[in-house]
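The Mg(2+) binding site annotation in Swiss-Prot covers 259 and rests on sequence analysis.
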């Protein structure tokens with residue numbers, strides 16, 4: 001055992017003197033490797049008688065543990081010293097300019113959505129949302145659209161083969177009007193909301209896509225009349241297009257969910273081959289352009305939402321967000337909105353730092 005003690009003392013001294021991980025590894029192999037002196041000492045236990053083995057085994061195991069602990073402690077110290085040396089050489093110069101990164105851009109639809117929300121928030125409207133997969137009761141029946149209404153046809157609406165727990169057919173919503181029904185049933189009256197979002201119809205050409213964006217507005221209160229509707233739309237369009245010469249023309253129309261119903265035209269002129277909203281459509285060089293549909297909410301729709309139409313009245317309107325973006329920012333093909341062409345996005349996208357505010361003007365700055 002005297003030889004084992006001497007070997008241990010020599011090994012501990014060599015371990016403490018190791019100045020690198022490689023040198024430390026050599027000491028580990030010399031002591032604890034398959035042919036190391038500790039391993040060889042352990043192998044001698046097999047040739048000892050039981051009494052001798054009972055005394056020698058704990059002593060050898062104690063030496064083995066002491067050497068292993070010394071190696072582990074020295075390894076931690078060497079790794080810590082190496083890390084400190086590395087950190088001392090790797091300094092960060094905070095005066096250096098940051099590397100230039102390419103910023104993404106805000107899609108025109110997202111930009112216009114933000115502009116709409118900013119304007120209507122100033123008018124006291126809240127933003128309401130709802131599911132894009134709807135049942136036919138919320139999408140059609142509750143909006144006074146009969147079973148025979150053309151909009152329910154398969155060639156206009158994307159239906160799912162499934163039905164809900166009440167047997168209602170499921171579909172991709174064709175407008176955001178179901179949000180109005182859900183909001184009235186959940187919140188009651190009075191209510192003042194806009195409902196922006198994606199809608200789906202089976203149509204595709206330069207001005208129509210199977211999926212597009214729509215915003216609808218709803219006001220339910222006492223003593224509401226058509227004059228309130230016209231003022232709201234005029235105020236909104238003046239703020240959105242940032243022009244005071246917005247002139248509207250209301251034409252009688254028909255929508256099953258409003259009565260009376262009106263189509264809203266806006267005066268415009270052509271400048272550089274594009275339509276520019278503003279001015280009287282009857283003036284020289286101007287014309288009228290249909291912009292949106294609106295009207296006073298039908299009594300049956302108010303009843304469907306669980307409200308008393310003798311106490312509560314209201315108006316609603318709906319228009320395409322994509323079309324608004326095209327008119328304001330000069331795009332000419334709706335399909336390009338969804339192509340994902342990076343060149344188009346680079347040209348028409350907006351800075352993420354350009355947040356629309358009424359104080360600075362909601363339009364994106366070039």
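Quick reminder: no glycine exception, Cβ is built from N, Cα and C everywhere.
The model shown is predicted, which means the values in this text are computed figures rather than measured ones.
In the three-state DSSP scheme, residue 259 (Mg(2+) binding site) falls into the strand class.
The residue listed as 'Mg(2+) binding site': 15 other CB atoms within 10 A of its CB, across all protein chains.
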